[in-house]
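Read the structure below first, then the notes.
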Amino acid sequence: MAKDKIVLAYSGGLDTSIILKWLQTERNYDVVCFTADLGQGDEVEEARVKALNTGAVAAYALDLREEFVRDYVFPMFRSSALYEGYYLLGTSIARPLIAKKMVEIAQKEGAVAVSHGATGKGNDQVRFEMTAYALQPDIVTVAPWRDWEFQGRADLEAFAHEHGIPVPTTKKDPWSTDANMLHISYEGGILEDPWAEPPAHMFKLTVAPEEAPDEAEYVEIEFLNGDAVAINGETLSPAALLDRANEIGGRHGVGRVDLVENRFVGMKSRGVYETPGGTLLYHARRAVESLTLDREVLHQRDALGPKYAELVYNGFWFAPEREALQVYMDHVAKAVTGTARLKLYKGNCIVAGRKAERSLYDKDLVSFEAGGDYNQHDAGAFIKLNALRMRVQARVEAKAGQKDKAGD
């Protein structure tokens, strides 16, 4: 009798290799492995080969770099989303794409279930499984970290030795990482102490600001209908543009963030992030928006941005409310066409200029010189009308105070 198939999100590391074998031996599945190339390096094809050598009945390695930036990162950027004011959501935005491809492979392979290596304490389990259920409501999800009996690293390594899975002999970094084209995240281990400064050798995308060049670099980023399309006059594809921005920002130490964030599952965690290219694009886009977006539209968009960020962070990318918000964000972004000039210096990303053909900025209006459509005499009536409610309240309070004194 044929076994049921399950699709595993496979990284090639020790943990997902153990999961692969555990799904075979303990759950009696034929395992189909899937590795997504989101720009994390050369190990994608190596992971595919390792999956087959470890016992997978099939293994996929898909280059998703352009799709990731075009259909996930850039739409998210249109909302100017920052989770809790700092985090550019590099891990969060990658999970729905990975889970979507898992479901598509499951449908192609006739698999009944999907599996992942996320722990039972983190956000990724939610992101993977929420996406899977949204796209295939009857899919079975298997989360080994929530199900198996292993009590610690020693048990995992014993299982690996029993089943011929190589266990690295080199000392592991005392933190975990997740990398893609948008960022690298670091958490756990020595970083669990929120007072401990991350070691200098941990960072991979950015130089230390104090070791960055002593001379500032200027970079121009051009936007068309809300998306970055060119750097320093060179038109690039979404993925190539983000790569270029990462390279430029990284050599100046731009884009490091260290924060304690609130996980969806209820606990606080400390995360350290490198997002050099995303940081450049964020500040450049805000600069162009300052010229091209109406005040009330900009303020309304910014009021909705934190909610959008929360939905992405919590795993609701395919939820109807996120999709509805996206329609609004895309409509607003149509006006964002122009160029920003940034000055990069020792970890700082400073807006040094912005221009747009359809700019709402009118130099004549803001000039201190006489003339133009703005009559300064009108300001008095404007102020008085806007102060009306406060004047009424002050009179009421003054009258009430007089009564209180009379009562004394």
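Residue positions begin at 1 at the first shown residue.
The backbone N, Cα and C atoms fix where each Cβ goes, and this holds for glycine too.
As given in Swiss-Prot:
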type: BINDING; residues: Ala9, Tyr10, Ser11, Gly12, Gly13, Leu14, Asp15, Thr16, Ser17, Ala36, Gly117; note: ATP binding site
type: BINDING; residues: Tyr87, Ser92, Asn123, Arg127, Ser176, Ser185, Glu261, Tyr273; note: L-citrulline binding site
type: BINDING; residues: Thr119, Asn123, Asp124; note: L-aspartate binding site
### Message
Test of understanding: give the count of other CB atoms lying within 10 angstroms of the CB of Ser17 (ATP binding site).
### Response
26
### Message
Tell me which of the binding-site residues Tyr87, Asn123, Glu261, Tyr273 ends up closest to Ser11 (ATP binding site) in space, Cα to Cα.
### Response
Asn123
### Task
State the count of C-beta atoms found within 10 angstroms of the C-beta of Ser92 (L-citrulline binding site), not counting that atom itself.
27
### Message
Restricting to the binding-site residues Tyr87, Asn123, Ser176, Glu261, Tyr273, which ones have a CA within 10 Å of the CA of Gly117 (ATP binding site)?
### Response
none
### Task
In whole Å, note down how far the CA of Asp124 (L-aspartate binding site) lies from the CA of Tyr273 (L-citrulline binding site).
16
### Task
Please work out which residue of Gly13, Gly117 has the most C-beta neighbours within 10 angstroms of its C-beta, and give that one of the binding-site residues.
Gly117
### Query
Which of the three DSSP states, helix, strand or coil, fits Ser176 (L-citrulline binding site)?
strand
### Query
Expressed to the nearest Å, what is the distance separating Glu261 (L-citrulline binding site) and Asp124 (L-aspartate binding site) at their Cα atoms?
14
### Message
I need the CA-to-CA distance for Tyr87 (L-citrulline binding site) versus Asp124 (L-aspartate binding site), whole Å please.
### Response
16
